[in-house]
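> Okay, here's the structure, questions in a sec.
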Amino acid sequence: MPPFNLTSLTPATFILAGIPGMEKSHIWISIPFCSMYLAALLGNGVVLFVVRTEHSLHHPMYLFLSMLAIADLMLSTTTVPKMLALFWFSAGEISFGACLTQMFFLHFSFSVESVILLAMALDRFVAICYPLRYASVMTQSAVVKAGLVALLRSFCIIFPCIFLLKRLPFCGHNVIPHTYCEHMGIARLACADISINVLYGLAVPFAAIVVDVVLIAVSYVLILLALLKLPSRTARQKAFNTCSSHVCVILLFYIPAFFTVLTHRFGQEIPHHVHILLANMYVLFPPLLNPVVYGVRTQQIKEKVVKVFICPKIRLLQE
(Lines of atoms letter the chains of each structure in order from A and count residues from 1; the text may use other names and numbers.)
(Lines give C-alpha, C1' and ligand atoms only; values in the text may rest on other atoms or scores of the structure.)
Protein backbone atom coordinates (compact mmCIF):
# COMPACT_ATOMS: atom_id res chain seq x y z
CA MET A 1 0.00 0.00 0.00
CA PRO A 2 1.44 3.42 -0.94
CA PRO A 3 2.36 5.75 1.96
CA PHE A 4 0.03 8.55 2.99
CA ASN A 5 0.42 11.92 4.66
CA LEU A 6 -1.74 11.35 7.70
CA THR A 7 -2.09 15.05 8.51
CA SER A 8 -3.89 15.87 5.30
CA LEU A 9 -4.86 12.39 4.06
CA THR A 10 -3.15 13.25 0.79
CA PRO A 11 -1.77 10.21 -1.07
CA ALA A 12 1.93 10.20 -1.86
CA THR A 13 1.11 8.66 -5.23
CA PHE A 14 -1.82 8.02 -7.52
CA ILE A 15 -2.25 4.96 -9.71
CA LEU A 16 -3.41 5.53 -13.30
CA ALA A 17 -5.49 2.48 -14.23
CA GLY A 18 -5.46 3.08 -17.99
CA ILE A 19 -8.62 2.10 -19.87
CA PRO A 20 -10.80 0.04 -17.48
CA GLY A 21 -11.98 -3.20 -19.01
CA MET A 22 -9.43 -3.06 -21.82
CA GLU A 23 -6.25 -3.80 -19.89
CA LYS A 24 -5.42 -6.79 -22.10
CA SER A 25 -5.60 -4.54 -25.17
CA HIS A 26 -3.30 -1.82 -23.85
CA ILE A 27 -0.38 -2.95 -26.02
CA TRP A 28 -2.50 -2.95 -29.17
CA ILE A 29 -4.06 0.41 -28.32
CA SER A 30 -0.60 1.88 -27.76
CA ILE A 31 0.42 1.23 -31.40
CA PRO A 32 -1.95 3.77 -33.03
CA PHE A 33 -1.54 6.16 -30.08
CA CYS A 34 2.26 6.09 -30.40
CA SER A 35 2.07 6.46 -34.19
CA MET A 36 -0.26 9.46 -33.92
CA TYR A 37 1.96 11.08 -31.28
CA LEU A 38 5.13 10.66 -33.37
CA ALA A 39 3.33 12.00 -36.43
CA ALA A 40 2.11 14.98 -34.38
CA LEU A 41 5.67 15.69 -33.19
CA LEU A 42 6.94 15.53 -36.76
CA GLY A 43 4.14 17.61 -38.29
CA ASN A 44 4.20 20.38 -35.71
CA GLY A 45 8.00 20.36 -35.68
CA VAL A 46 8.04 20.86 -39.47
CA VAL A 47 5.56 23.76 -39.18
CA LEU A 48 7.67 25.46 -36.51
CA PHE A 49 10.91 24.94 -38.45
CA VAL A 50 9.49 26.22 -41.74
CA VAL A 51 7.89 29.32 -40.21
CA ARG A 52 11.05 30.10 -38.26
CA THR A 53 13.46 29.70 -41.19
CA GLU A 54 11.35 31.39 -43.90
CA HIS A 55 11.21 35.16 -43.34
CA SER A 56 8.40 35.45 -45.90
CA LEU A 57 6.17 33.61 -43.42
CA HIS A 58 6.81 36.02 -40.55
CA HIS A 59 3.26 37.37 -40.76
CA PRO A 60 0.50 37.24 -38.11
CA MET A 61 -1.33 34.27 -39.67
CA TYR A 62 1.78 32.08 -39.61
CA LEU A 63 2.98 33.34 -36.25
CA PHE A 64 -0.39 32.31 -34.81
CA LEU A 65 0.04 28.97 -36.58
CA SER A 66 3.39 28.56 -34.79
CA MET A 67 1.72 29.31 -31.45
CA LEU A 68 -0.94 26.72 -32.29
CA ALA A 69 1.77 24.14 -33.04
CA ILE A 70 3.47 24.85 -29.68
CA ALA A 71 0.13 24.50 -27.85
CA ASP A 72 -0.53 21.22 -29.70
CA LEU A 73 2.87 19.87 -28.69
CA MET A 74 2.22 20.85 -25.07
CA LEU A 75 -1.24 19.27 -25.10
CA SER A 76 -0.03 15.90 -26.42
CA THR A 77 3.35 15.75 -24.66
CA THR A 78 1.72 16.45 -21.29
CA THR A 79 -0.25 13.21 -21.49
CA VAL A 80 0.91 10.76 -24.17
CA PRO A 81 4.43 9.77 -22.90
CA LYS A 82 3.04 8.81 -19.49
CA MET A 83 0.13 7.06 -21.21
CA LEU A 84 2.52 4.97 -23.32
CA ALA A 85 4.62 4.12 -20.25
CA LEU A 86 1.43 2.88 -18.61
CA PHE A 87 0.49 0.76 -21.66
CA TRP A 88 3.98 -0.68 -22.25
CA PHE A 89 5.47 -1.07 -18.77
CA SER A 90 2.41 -0.89 -16.47
CA ALA A 91 4.03 2.26 -15.05
CA GLY A 92 0.80 3.75 -13.79
CA GLU A 93 2.20 5.17 -10.56
CA ILE A 94 2.47 8.96 -10.50
CA SER A 95 3.26 11.21 -7.56
CA PHE A 96 0.61 13.57 -6.21
CA GLY A 97 2.63 16.62 -7.30
CA ALA A 98 3.30 15.20 -10.77
CA CYS A 99 -0.38 14.37 -11.17
CA LEU A 100 -1.39 17.95 -10.31
CA THR A 101 1.29 19.25 -12.70
CA GLN A 102 -0.01 17.06 -15.52
CA MET A 103 -3.57 18.17 -14.78
CA PHE A 104 -2.56 21.84 -14.85
CA PHE A 105 -0.67 21.70 -18.16
CA LEU A 106 -3.39 19.57 -19.77
CA HIS A 107 -6.16 22.10 -19.08
CA PHE A 108 -3.79 25.07 -19.49
CA SER A 109 -2.69 24.04 -23.00
CA PHE A 110 -6.30 23.37 -24.02
CA SER A 111 -7.31 26.87 -22.89
CA VAL A 112 -4.28 28.45 -24.60
CA GLU A 113 -5.15 26.73 -27.86
CA SER A 114 -8.73 27.99 -27.63
CA VAL A 115 -7.55 31.61 -27.27
CA ILE A 116 -5.11 31.18 -30.18
CA LEU A 117 -7.94 29.90 -32.40
CA LEU A 118 -9.95 32.97 -31.43
CA ALA A 119 -7.00 35.22 -32.30
CA MET A 120 -6.67 33.48 -35.68
CA ALA A 121 -10.37 34.05 -36.36
CA LEU A 122 -10.00 37.75 -35.52
CA ASP A 123 -6.94 37.89 -37.79
CA ARG A 124 -9.00 36.54 -40.71
CA PHE A 125 -11.84 38.94 -39.83
CA VAL A 126 -9.56 41.99 -40.04
CA ALA A 127 -7.84 40.68 -43.20
CA ILE A 128 -11.12 40.18 -45.08
CA CYS A 129 -13.41 42.84 -43.64
CA TYR A 130 -10.83 45.63 -43.20
CA PRO A 131 -7.98 44.78 -45.59
CA LEU A 132 -6.67 48.37 -45.79
CA ARG A 133 -6.24 48.52 -42.01
CA TYR A 134 -4.78 45.01 -41.65
CA ALA A 135 -1.12 46.05 -41.59
CA SER A 136 -1.73 48.72 -38.95
CA VAL A 137 -3.94 46.53 -36.75
CA MET A 138 -2.26 43.10 -36.96
CA THR A 139 1.29 44.09 -36.09
CA GLN A 140 3.89 41.81 -34.50
CA SER A 141 3.24 43.67 -31.25
CA ALA A 142 -0.46 42.72 -31.49
CA VAL A 143 0.50 39.08 -32.08
CA VAL A 144 2.77 39.07 -29.01
CA LYS A 145 0.02 40.67 -26.90
CA ALA A 146 -2.46 38.03 -28.09
CA GLY A 147 -0.02 35.30 -27.04
CA LEU A 148 0.43 36.89 -23.61
CA VAL A 149 -3.34 37.18 -23.19
CA ALA A 150 -3.69 33.47 -24.03
CA LEU A 151 -1.09 32.55 -21.39
CA LEU A 152 -2.41 34.91 -18.71
CA ARG A 153 -6.08 34.01 -19.10
CA SER A 154 -5.36 30.30 -19.14
CA PHE A 155 -3.15 30.53 -16.06
CA CYS A 156 -5.75 32.54 -14.13
CA ILE A 157 -8.61 30.11 -14.79
CA ILE A 158 -6.68 26.84 -14.39
CA PHE A 159 -4.27 27.57 -11.51
CA PRO A 160 -7.06 27.70 -8.85
CA CYS A 161 -7.84 24.04 -9.67
CA ILE A 162 -4.56 23.06 -7.98
CA PHE A 163 -5.66 24.62 -4.67
CA LEU A 164 -9.17 23.20 -5.00
CA LEU A 165 -7.63 19.72 -5.21
CA LYS A 166 -4.94 20.18 -2.55
CA ARG A 167 -7.55 21.06 0.08
CA LEU A 168 -9.34 17.71 -0.36
CA PRO A 169 -8.78 14.60 1.82
CA PHE A 170 -8.54 11.31 -0.08
CA CYS A 171 -8.83 8.73 2.72
CA GLY A 172 -6.73 6.09 0.95
CA HIS A 173 -8.39 6.36 -2.45
CA ASN A 174 -5.66 6.76 -5.05
CA VAL A 175 -6.61 4.74 -8.16
CA ILE A 176 -7.62 6.98 -11.09
CA PRO A 177 -9.58 5.04 -13.76
CA HIS A 178 -8.01 7.00 -16.58
CA THR A 179 -4.85 7.27 -18.69
CA TYR A 180 -3.93 10.73 -17.36
CA CYS A 181 -4.74 13.11 -14.51
CA GLU A 182 -7.54 15.59 -15.03
CA HIS A 183 -9.35 17.82 -12.56
CA MET A 184 -12.60 15.95 -11.98
CA GLY A 185 -10.94 12.54 -12.23
CA ILE A 186 -8.80 13.46 -9.21
CA ALA A 187 -11.59 15.25 -7.32
CA ARG A 188 -13.91 12.22 -7.49
CA LEU A 189 -11.45 10.22 -5.38
CA ALA A 190 -11.86 12.60 -2.42
CA CYS A 191 -13.83 11.59 0.67
CA ALA A 192 -15.35 15.08 1.06
CA ASP A 193 -17.80 17.41 -0.60
CA ILE A 194 -16.49 18.30 -4.08
CA SER A 195 -19.37 20.56 -5.12
CA ILE A 196 -16.98 23.54 -5.37
CA ASN A 197 -14.71 21.53 -7.68
CA VAL A 198 -17.67 20.51 -9.81
CA LEU A 199 -18.99 24.07 -9.99
CA TYR A 200 -15.63 25.66 -10.74
CA GLY A 201 -14.40 22.90 -13.04
CA LEU A 202 -17.55 23.07 -15.16
CA ALA A 203 -18.59 26.72 -14.95
CA VAL A 204 -15.38 28.75 -15.19
CA PRO A 205 -13.24 26.94 -17.81
CA PHE A 206 -16.30 25.83 -19.78
CA ALA A 207 -17.72 29.36 -19.79
CA ALA A 208 -14.37 30.73 -21.02
CA ILE A 209 -14.26 28.21 -23.88
CA VAL A 210 -17.90 28.93 -24.78
CA VAL A 211 -17.09 32.66 -24.95
CA ASP A 212 -14.24 31.84 -27.36
CA VAL A 213 -16.56 29.72 -29.51
CA VAL A 214 -19.24 32.43 -29.63
CA LEU A 215 -16.70 35.11 -30.62
CA ILE A 216 -15.25 32.81 -33.30
CA ALA A 217 -18.75 32.15 -34.65
CA VAL A 218 -19.56 35.88 -34.73
CA SER A 219 -16.27 36.55 -36.54
CA TYR A 220 -17.06 33.99 -39.23
CA VAL A 221 -20.63 35.19 -39.69
CA LEU A 222 -19.25 38.68 -40.37
CA ILE A 223 -16.58 37.19 -42.65
CA LEU A 224 -19.25 35.27 -44.59
CA LEU A 225 -21.32 38.43 -45.03
CA ALA A 226 -18.24 40.29 -46.27
CA LEU A 227 -17.41 37.49 -48.72
CA LEU A 228 -20.89 37.60 -50.21
CA LYS A 229 -20.40 41.30 -50.95
CA LEU A 230 -17.15 40.80 -52.89
CA PRO A 231 -17.77 41.54 -56.59
CA SER A 232 -15.12 39.16 -57.91
CA ARG A 233 -15.72 35.41 -57.80
CA THR A 234 -11.97 34.83 -57.83
CA ALA A 235 -11.53 37.08 -54.79
CA ARG A 236 -14.33 35.26 -52.96
CA GLN A 237 -12.76 31.88 -53.75
CA LYS A 238 -9.31 33.02 -52.57
CA ALA A 239 -10.69 34.43 -49.32
CA PHE A 240 -12.78 31.30 -48.76
CA ASN A 241 -9.75 29.04 -49.24
CA THR A 242 -7.80 31.16 -46.74
CA CYS A 243 -10.50 30.68 -44.09
CA SER A 244 -11.39 27.05 -44.80
CA SER A 245 -8.20 25.67 -43.22
CA HIS A 246 -8.89 27.56 -40.01
CA VAL A 247 -12.50 26.40 -39.94
CA CYS A 248 -11.34 22.77 -40.28
CA VAL A 249 -8.89 23.22 -37.40
CA ILE A 250 -11.60 24.80 -35.23
CA LEU A 251 -13.94 21.86 -35.87
CA LEU A 252 -11.17 19.32 -35.17
CA PHE A 253 -10.41 21.03 -31.86
CA TYR A 254 -13.83 21.82 -30.42
CA ILE A 255 -16.02 18.94 -31.61
CA PRO A 256 -14.06 16.12 -29.85
CA ALA A 257 -13.67 18.28 -26.72
CA PHE A 258 -17.34 19.22 -26.42
CA PHE A 259 -18.46 15.70 -27.32
CA THR A 260 -16.19 14.33 -24.59
CA VAL A 261 -17.50 16.79 -22.00
CA LEU A 262 -21.15 16.20 -22.89
CA THR A 263 -20.87 12.40 -22.89
CA HIS A 264 -18.95 12.55 -19.61
CA ARG A 265 -21.64 14.70 -17.95
CA PHE A 266 -24.82 13.30 -19.52
CA GLY A 267 -23.94 9.97 -21.14
CA GLN A 268 -24.20 7.70 -18.11
CA GLU A 269 -25.28 4.79 -20.32
CA ILE A 270 -22.09 4.99 -22.39
CA PRO A 271 -19.47 2.45 -21.17
CA HIS A 272 -16.63 3.94 -19.12
CA HIS A 273 -13.92 2.70 -21.49
CA VAL A 274 -15.61 4.64 -24.32
CA HIS A 275 -15.41 7.81 -22.21
CA ILE A 276 -11.67 7.25 -21.71
CA LEU A 277 -11.02 6.55 -25.40
CA LEU A 278 -12.89 9.73 -26.37
CA ALA A 279 -10.92 11.72 -23.81
CA ASN A 280 -7.70 10.43 -25.38
CA MET A 281 -8.87 11.50 -28.83
CA TYR A 282 -8.89 15.20 -28.03
CA VAL A 283 -5.27 15.13 -26.89
CA LEU A 284 -4.22 13.23 -30.03
CA PHE A 285 -6.38 14.30 -32.97
CA PRO A 286 -5.86 18.11 -32.99
CA PRO A 287 -2.03 17.89 -32.68
CA LEU A 288 -1.98 15.21 -35.38
CA LEU A 289 -4.34 16.78 -37.90
CA ASN A 290 -3.70 20.53 -37.54
CA PRO A 291 -0.35 20.44 -39.40
CA VAL A 292 -1.89 18.19 -42.06
CA VAL A 293 -4.81 20.57 -42.61
CA TYR A 294 -2.60 23.64 -42.90
CA GLY A 295 0.04 21.80 -44.90
CA VAL A 296 -2.44 20.47 -47.46
CA ARG A 297 -4.79 23.45 -47.74
CA THR A 298 -2.34 26.37 -47.43
CA GLN A 299 -0.35 26.93 -50.61
CA GLN A 300 2.36 29.02 -48.91
CA ILE A 301 3.10 26.29 -46.36
CA LYS A 302 3.30 23.61 -49.08
CA GLU A 303 5.66 25.74 -51.17
CA LYS A 304 7.97 26.48 -48.24
CA VAL A 305 8.06 22.82 -47.12
CA VAL A 306 9.11 21.85 -50.65
CA LYS A 307 11.70 24.64 -50.69
CA VAL A 308 13.20 23.76 -47.29
CA PHE A 309 13.11 19.95 -47.34
CA ILE A 310 12.89 18.74 -50.94
CA CYS A 311 14.83 21.23 -53.08
CA PRO A 312 18.13 20.80 -51.13
CA LYS A 313 17.93 17.01 -51.64
CA ILE A 314 17.34 17.45 -55.36
CA ARG A 315 20.37 19.75 -55.59
CA LEU A 316 22.51 17.22 -53.72
CA LEU A 317 21.43 14.44 -56.09
CA GLN A 318 22.23 16.61 -59.10
CA GLU A 319 25.70 17.34 -57.75
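Each Cβ is built from the backbone N, Cα and C atoms, and glycine gets one as well.
Feature annotation from TrEMBL assigns domain 'G-protein coupled receptors family 1 profile' to 43-294. Among the features that TrEMBL reports, transmembrane segment is placed at 27-50, 62-80, 146-165, 209-228, 240-262, 274-294.
Buried or exposed, and what's around them? Tell me for each listed feature.
Residues 64, 67, 100, 103-104, 107-109, 111-112, 115-116, 119, 183, 186-187, 196-197, 200-201, 204-205, 208 of the same chain lie 6 or more positions beyond the ends of the transmembrane segment (146-165) yet place their CB under 8 Å from a CB of it.
Counting same-chain residues at least six beyond the ends of the transmembrane segment (209-228), those with a Cβ under 8 angstroms from any Cβ of the stretch are 111, 114-115, 117-118, 121-122, 124-125, 128-129, 236, 239-240, 243, 247, 250, 254, 257.
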> Same chain only, please: residues at least 6 beyond the ends of the transmembrane segment (274-294) with a C-beta under 8 Å from a C-beta of the stretch. Say none if there are none.
18-20, 33, 36-37, 39-40, 43-44, 46-47, 65, 68-69, 72-73, 75-76, 78-80, 83, 106, 113, 177-180, 182, 245, 248-249, 252-253, 256-257, 259-260, 263-264, 267, 301
> Residues sitting near the transmembrane segment (240-262): Cβ under 8 Å, six or more positions beyond its termini, same chain?
68, 110, 113-114, 117, 120-121, 124, 127-128, 206, 209, 213, 216, 220, 223, 227, 275, 278-279, 281-282, 285-286, 289-290, 293-294, 297-298
> Do any residues, 6 or more residues outside the transmembrane segment (62-80), come within under 8 Å Cβ-to-Cβ of it, and if so which ones?
33-34, 37, 40-41, 44-45, 47-48, 51-52, 102, 105-106, 108-110, 112-113, 116-117, 119-120, 123, 140, 143, 146-147, 150, 179-180, 249, 280, 283-284, 286-287, 290-291, 294, 300-301
